[in-house]
Each structure stands twice: as structure tokens, then as C-alpha cells.
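First up is the structure itself, then whatever we jot down about it.
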Amino acid sequence: MGCRWNPIGFQFSCFMFLIITLQSRSSLSLESEGFVLLKFRARVDSDPHGTLANWNVSDHDHFCSWFGVTCVDNKVQMLNLSGCSLGGTLAPELSQLSELRSLILSKNKLSGDIPNEFASFAKLEFLDLRDNNLNGVVPPELNKVLTPENLLLSGNKFAGFMTVKFLRLQSLYKVQMNKNRELSSVSADVLDCVNRKLGYCVSRRSLITRNKAKAFVLRIRATSRHYMVRRESHGKNYVVNYHPSENETSIFKRRELLEETSNLAAMPAPDTPSPSPEIITIVFPRSSGSFPALTNAKKRIPPLIPPSSPPPLPTNNTIASDPPRKFEEKSKGFKDVWLYVVIGVAAFVAMLIIVAVIFFFRKRAVKSIGPWKTGLSGQLQKAFVTGVPKLNRSELETACEDFSNIIEAFDGYTVYKGTLSSGVEIAVASTAILETREWTRAMEMTYRRRIDTMSRVNHKNFINLIGYCEEDEPFNRMMVFEYAPNGTLFEHLHDKEMEHLDWNARTRIIMGTAYCLQYMHELNPPISHTKLVSSAIYLTDDYAAKVGEVPFSGQTGSKPRKPMSGDLDQSLLPLPPEPETNVYSFGVLMLEIISGKLSDSEEEGSILKWASKYLENDNLRDMIDPTLTTYKEEELEAICDVARHCLKLDESQRPKMKYVVQQLKEVINISQEQATPRLSPLWWAELEILSSEAT
């Protein structure tokens, strides 16, 4: 059996073939324009400035991004390479650019003649070849396609009678344009006609510039004996009279007879013969309808027309000029009013936005911690002033995976690792007490004072406090800190499984710790670190020092204060150490960093006893950690010299941390910015906590 004819399938095949054909033609068109430009590039043999550097053959599909090329709908409409000092010849293939409207190649070093193909441009409107080394004869067809103002050829070496004649015509055109510009600057009294088809005119003080775009010349007649225009020249007024020839007069009269039969508003010609009318040349812009309103209409010049001549028609002229002038004045007034209205509305909207932003951030501001629900004394309430946000237990429980990820357990509290929804890691310290009755008022006051103290510290080399959590059912007291993922300094110095620290890393840790202690001691009032040891120095990914503080300091063993009167026994509160104690601890810490020995061990005893013999005899090389392959002797001497001053037994003789930083900085060239972590997750953690709190 034969196959049955399926007209629908045949039509669909034809339709797909048509689409493929159109797409291929479109791509060929795009490729052809790119290759045309490359042919022009091939004829350029000198490009001193590298103007055509991005005209690559491999990138011919993106020719619209080439220098000097302007496209519309992937079609080249303008090629502007003026002043590029290009040398070579003109490519006749440029005429294949079907949408090219402007070709500007002036102020180059192009030679040869103009190709005859340039006369076959489809839509070329402007050609500028000035100031080149072109020669030969200009194609005559090119003079017919483009007018003198749109074909610029001066500054070349063309030959031929037609070329010279065209260049002279172009020069005359420039001279005429210059004269028109001079006339545009001279104010004059011109004649405003009532009707374009009539010659009856009235005096009007204005002058329409001759060189305005789309202007043309009108011959205006009147029945008076003279046509006069008063002009200002060097501060003087004079009258110009123009006397037409007999031929012009006869032509004008025949035109007048024709107009009288076809114009209802035309006035009859005078019975008595009058002298031949005088003609002047005035420029008016092209428009439809009556002439536009002219300014200064009220300042009229006395009529120069004799009484014997017919009077002008002032009524129609007033109708033609005064209402538009008044409309322009009203329009200007309305524009000013609208301008003030728009400015006022914009200012009002801006004020609303500012108020809304302030209200939004005040609403999301950090919540202050309120007094303890069981009741606190006035001194306890005053001691608790902070600005860190309060968090919910459920949020921290989710971040810490039900508090299953334990970093380290201490005497009295446990530290958990958590991850916020944004991926930022945090450390959560939670007290070991699980019942309210076991949490004394002294513990509560110590807890709140700890939050108040740490919330005042905001340094890049400090484990900053970013939140807290307190609930009574179920009972919990927690603090949220930054997380330093690279362990502690103690682990890197004494645990062989941890990554080894070279000399530069150790000096950077020393400087970062010193900068942080100086910042804490210079606060008002000063803040001292509770227990400055190597296990309290945490390291970031780039081995920057982050000084960590003991979150729950009730178990630090500090000496108690003297009892004070009140409802709370102040002797239970630990006394924070003095800044001089931190200076002493920093001296011990520096010896531990450079030697790699424990600060205090049962086998070797105190590090001070071990290091004293080297410090007294200036035998500093034997103090260096054996695992260090290289070190800087000048920096070692500076560290040991500062350590001697920090370890003085008399607290009054110990230097301030500011002096310590200055002495170290003179030798160790590590600034405060270089000692800080390159990437700190603190701000991301705060942002995440604030956003979750607002929702």
C-alpha cells in the first residue's frame, strides 16, 4: 500500500525549514558585518595607539563591543575612529554595512583615493574624512548622495575639477553659516505677519535666529513704500532698504493676484498704483499654523509706514501673539509651583523613611538584662548594666545539637560548640548547676558582673561575648562567645599531635595578646584578665591570638573581699586581679612561647627557676624551643628583656602594658592590624542572633 499524503506534516516541515533559514541568514548577516570590519582592519598598516587592539578575528561575533563601533540591534550604525593616527587605505567593503549612517575617520593618516563603492551606501547620512592624506578624485556620485554639510573632505590632496568645485561650495557654505551666527546675536525689530499667505505685517521686536535647525527664508512684503528693519550695530541704529528688480516685482504681483482668489482673509489690492514693494529677508522656524508668539510684545516701535498705505491688522496679530505669551507665563508659573511641590513631597518622604529606619532599629535594639526574679539588692541591680542580647534556650539547643557537642568540661561549667543557621560557629558556656535552689545570690551577682565586664570588651584579639541565656524553668545560665576553631596555644606548644608553630607565628601571638591586654587595661575603669595562661589563648584559622576569659569566675579561687554591710555577703564575691598581675602573667607566657616548656610542672618545676640562669648570664640561645629551626636573635633579645621587667617581684616596678607594647613593637614589626584575625565571624554571629531575636 502507498503512503497517504499528510498535508499537516508537510506544512510543519516547511515551517521548520523557514525558521532555520531565517536564523542562518541572521547569523550570516551578523558574521558578514564582523568580517567587513575585519577587512577594514586588514587595510590598516599603522596603529600607533593600539586603537584596533580588540578587533580580533576570534571575536568577530561580538563586533559591537569593538572600539569605535556603535550598533543598534546588532547592526553597525556608526564607525567613529577620529584622531587615532591610523595609517592605510579605505576599504570598499565598508559599503556593505547596510545600516551604517555615520562614518567618521577624520584626523588620521589614511592615504589613497575614496572607493567608488562609497557612493552605494544604503543609509549613509554623514561622512567625515578630513585631515588625512587622501588623494585622487572624489567619486561624483558621492556628491549627489551627501550634501556639503554632511560630506567633510577638507585637509586632503584631492584633484579634479568637480572635487575643487565641491570644496569651494563647502567653503561658501561655512562662510554663510558664520554670517548666520553673527545675525543670530543681533537684536532687531522684525515684521510679524498676520497670515503666511498675506503680506500685511505689523512691527514686532524680536529676531528669530537664522541658523536655528529646520529654519527657512521667507520673503515678506507690505504695501508700504519702504520695508525697514532697525538693527543695532556697535550701539547705533540704522535702517536697511532693499529695492527689488523689475522681474521680482512682476512675479510678486502675479503671486498676489493668485492669493486674493484663494484666501478669504486677503485684503484687496489698492486702486492706485504704488511703488514697487521692497523686500527684506527674515527667517522663521518651520511650523504649522500661525507664527509663534514673540516676547516683548508690549514694547512696540512707532509705525514706519506712511499714512497713505493701508494700515496693518492689529487685531489678528494680537490674537496670534498675546494669548501664547500669557500661556507661556502661566506655564512657567505652574512649573515653578510643581517644582516646589515635588521638592516638598520628596523631603516629606525622606523624613518618613528616616523615622521608619530609626524606629525599626530601635525596636530591634539589644534588650537589656532585667533584675533577677527572686529579688536583688540595689547594689546588685546597679552592678548589672549590659547591652548584649538575651537568647532563648531553644535556639541554643538547636544550634548545639541538644548540647551533645562538648568542646571541654571545666570545674563548674561546660563549653559546647554550636552552629547558627548561617553556618557561623559559636561557643556556648553553660553552668553545671541544674536547680534554682543551688544557685546562690552570690553566684548570680558574679554571673551578671561577668556579663557586664565582658560586654565592655570589644577587641579583635579577644573572645568577644555575643549573647547570654538565663531561664528558671528549666534552670540554666549560659554565655555565648565567638568560636576559635584552631585550639589553644597550650595545645600547639605542648601537644606533639598539633601543628607546629614557627617563630613568626609565635611572635604574632605575643603581639596580639599584648595589644588585647593594653586595650583592656586602658578602659575606664580598667579590666584585668582573670587568669592569663596559655590555655586561655585560643587560635583562629590563620593562627591569630584570641584571648579567652573564664565565663564563670566563682571557681577561680581568687582572694575574697572584706565583708560589707547589706543583705548580701560580699565576701563570697571573688576579687578580680590587678593589671600588674596580668603583666607578670604575660612575662611568664612569653617565656613559655619561646621555650616550649610548661609554665609549671612536677618534673622541671617552675619555668621562672629554669629561665633565671639563662636570663642572668644572657645565654638566650639555649632557651629556644628545640623544635624551632630558625629564629630572629634580635627579636629574642627584645622579648627576654621585656620579660625581665614584667617578672619583677615588686609590683610597682613592673611596666604598664602600653610600655610593653612599645618596647616589643620597636623590634617586632607586627602592627595591630597584622596581629588581628583576617576573617572574624563575630559580626555574622551578632547579625544572626539579632535577626532571630527580631522574629
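In case you wondered, yes, glycine gets a Cβ from its N, Cα and C as well.
Annotated compositional bias 'Pro residues' per Swiss-Prot: 303-314, in sequence order.
Annotation comment: Swiss-Prot describes 363-668 as domain 'Protein kinase', evidence class sequence analysis.
Among the features that Swiss-Prot reports, region 'Disordered' is placed at 302-325.
What Swiss-Prot records for 75-98 is repeat 'LRR 1'. Cβ atoms under 8 Å from those of the repeat 'LRR 1' (75-98) belong to residues 32-33, 36-37, 39-40, 42-49, 51-52, 63-64, 67-69, 104-118, 120-123, 128, 134 of the same chain, restricted to positions at least 6 beyond its ends.
Among residues of the same chain six or more beyond the repeat 'LRR 2' (99-121), those with a C-beta under 8 A of the stretch's C-beta atoms are 46, 72, 75-93, 127-139, 141-142, 144-145, 152, 155. Residues or ranges marked as repeat 'LRR 2' by Swiss-Prot on the basis of sequence analysis: 99-121.
What Swiss-Prot records for 123-144 is repeat 'LRR 3', and it gives sequence analysis as the kind of evidence. Taking Cβ pairs closer than 8 Å, the repeat 'LRR 3' (123-144) reaches residues 82, 90, 98-116, 150-160, 162-163, 166 in its own chain, all 6 or more past its ends.
The repeat 'LRR 4' annotation in Swiss-Prot covers 147-168.
According to Swiss-Prot, the feature signal peptide maps to 1-29, an assignment based on sequence analysis.
Averaged over the topological domain 'Extracellular' (30-340), the predicted model has a pLDDT of 64. Sequence annotations record features per position, and here Swiss-Prot assigns topological domain 'Extracellular' to 30-340.
Feature annotation from Swiss-Prot assigns transmembrane segment to 341-361. With a threshold of 8 Å between CB atoms, no same-chain residue lying at least 6 positions outside the transmembrane segment (341-361) comes near it.
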Worksheet item: Taking DSSP states H, G and I as helix and E and B as strand, how many residues of the repeat 'LRR 2' (99-121) are helix, strand and coil?
Response: 5 helix, 7 strand, 11 coil
